[in-house]
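*Asks:* Below you will find the structure I want to go over with you.
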Amino acid sequence: MASSAAPDVVIFSKTDPADPKNWSRWRKRIVVFYVCALALCSAFGSSIYATTELQIRAKYNANADTASAGLTVYVLGFSFGPLVWGPMSEIYGRKLPYMVSWPILIVMSAIDAFVDNLAVIIVFRFLTGAAAACALNNGGGIMSDLYNIVDMQAQAIAISWYAASILSGPCVALVIGFFIVAYAGPNLWALRVFFFFTIAMWPLVILLPETHGPTILAARSKKLRNEGRPNARAAHELKHQTKGELLRIHFGRPAKMFVTEPIIQGAAVWTSLSYGIVYFFFEVYTIVFFEQHHFRLQLTGLPFIAIIIGTVVAAAFYVPLVKYFQGIPLPTFIVPKETPKDAPEMRLKLALFACVMMPISLFWFAWTSSGSVHWIAPTLAGVPFGFATITLRPRQFFTFLTYTSQTYTIYASSSGACNIFARCLIGSFFPIVAHSIVDNLGSEWGVSVFGFISFCLLPIPLVFLRWGPTLRARSPMANEANAIVAKMRAQAAAAAKKAQEQAAAAAAIAAENEKAKVNIDSLDSDRSDGEMVKKLNVLTNAAEVNSV
């Protein structure tokens, strides 16, 4: 009988303290700090390997391409890891993927650090990267769990620091790593430092709270069922989707979007290029500053501080920069007059600026990279490069991700998965070809190749600015997502109205009960007063008889 009754739907109330969106500002900031620290550590592990390549070439008698394979496969792991951690976070919650992936990361990085076999190191570097991908991929979902539409500015600030952590992590690793290599002896102590770093971050994984609303509600409904409410169900549990159906959705939808959605394809092209150039620089900077400018080994990573500065500037001033560029008028043949000021395309004005800064920074670095030019010139080129890179990278939630998120709403995770896979798959090949390109073309023309490519891609943000509304209107996935959101809002409004009616009815019943209670008390009072009068009359009559 209980199973056939209407479900007892479990939802968050407007002020429910269990809803992460209702957490205090400081609690949200602590969670953001955890996510950023774990992401920085995961990204740190990618480039720390690049500092050991000279050691590896000498120790294992390997050529430059073979030595750089450890960096390539780590980034390749970034591409395949989210195929596991992404669906897991949607099915089992945000915390479980961290709890599973981080111990794997610790074990894999330990093998990298202490094994004395290059082939084994390269194989386990791939597995290390796949485990580290959880912190780089799933942090975005946590950010969306913490903030609602009212807190968009706070969300943008949190996301900007998350993005800065991901890009700064590899740069910090290079600054530190060359000092370790120079002073720690022949063993691969740079990789051992990363292993110890992962252990130090493990307590943050344990402290990280669950933020996935459906998972929290599912746990609450299970508790209510155990307490005697057998029909208690979270809203998403009413759909009765099997694990296989959920996996098909999470794998199939991103693939379909990548093939059929021009907006996804355009964003993926730009972000794959910018991501690949970052890892291309991890190899080229060593050539330019160690071999051509004759830096001491321990100082070779210091020019990456300029990229960190560009990253921090973009993160710290992202919100005011977006507002500033939204107010800059563009010719009507680029942005039509009828385009609303709050249209998603307006945020792409900052992306257009970043797309212009990318080739400028690449040409700047390329033609000042020779040893005949002072080292400060190519170093300073890292500032605009860091700014442009972090502004364009979509999974780190800057301009392109904001645009795709507003376009695909509830399918934003799928659109992000498309970009992650393409970006990491393509970017993983840049380190392994870096030495060949520079050896054959020189640092000037070798880096300029990517400057020309990025210059040729400038029309992509212009197309989005001009025809973005048309592309969004014709997108079947965007229309499907918007229809689902509209339906969810209508259901939420109906549920809120029903709750208000029930509250009003309960208040009316309570008022009637209170009124009835007052009437009963009044009757009791009247009865007691009548009895007192009767008793007084009896006493008075008795007194009169006695006096006679």
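Backbone N, Cα and C atoms are what each Cβ position is placed from, and that goes for glycine too.
Under the heading transmembrane segment, TrEMBL lists 31-51, 71-88, 100-124, 130-149, 161-183, 189-208, 263-282, 302-325, 346-367, 373-390, 410-433, 445-465. Residues or ranges marked as domain 'Major facilitator superfamily (MFS) profile' by TrEMBL: 31-472.
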*Asks:* Using a Cβ cut-off of under 8 Å, list the residues of the same chain at least 6 residues beyond the transmembrane segment (31-51) that approach it.
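*Replies:* Residues packing against the transmembrane segment (31-51) from afar: 20, 23, 68, 70-71, 74-75, 78, 98, 102, 105, 109, 125, 128-129, 132-136, 139, 142-143, 146, 158, 161-162, 164-174, 176-178, 180-181, 190-191, 193-194, 197-198, 201, 204-205, 207-209, 211, 279, 282-283, 286, 301, 431.
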*Asks:* At an 8 Å Cβ cut-off, counting only pairs 6 or more apart in sequence, do the transmembrane segment (130-149) and the transmembrane segment (189-208) clear the bar of 3 or more pairs?
*Replies:* no
*Asks:* Please give the sequence-distant neighbours of the transmembrane segment (373-390): residues at least 6 beyond its ends with Cβ less than 8 Å from one of its Cβ atoms.
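*Replies:* Those are 163-164, 167, 171, 274-275, 277-278, 281, 288-289, 293, 295, 303-311, 313-315, 354-355, 357-358, 360-362, 364-365, 396, 398, in sequence order.
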*Asks:* With an 8 Å cut-off on Cβ pairs and a sequence gap of 6 or more, do the transmembrane segment (263-282) and the transmembrane segment (445-465) reach 3 or more such pairs?
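*Replies:* Yes, these stretches are in contact.
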*Asks:* Cβ under 8 Å to the transmembrane segment (346-367), counting only same-chain residues 6 or more beyond its ends: which ones?
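*Replies:* Contacts with the transmembrane segment (346-367): 270, 274, 277, 321-322, 325-326, 328, 330, 335, 339-340, 377-378, 380-385, 387-389, 391-392, 398-400, 402-403, 406, 443-448, 450-452, 454-455, 457-458, 460-462, 464-465, 468.
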*Asks:* Average the pLDDT scores across the domain 'Major facilitator superfamily (MFS) profile' (31-472) and report the rounded value.
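*Replies:* A mean pLDDT of 83 is what the predicted model shows over the domain 'Major facilitator superfamily (MFS) profile' (31-472).
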*Asks:* Test of understanding: applying the rule of at least three C-beta pairs under 8 Å (pairs 6 or more apart in sequence), is the transmembrane segment (445-465) touching the transmembrane segment (189-208)?
*Replies:* no
*Asks:* Please indicate, using numbers and ranges, the residues of the same chain that are 6 or more beyond the transmembrane segment (445-465) and have a C-beta under 8 Å from a C-beta there.
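*Replies:* Contacts with the transmembrane segment (445-465): 263, 266, 269-270, 273-274, 277, 280, 284, 330, 334-335, 345, 348-349, 351-352, 355-356, 358-359, 362-363, 365-367, 369, 403, 437-438, 471.
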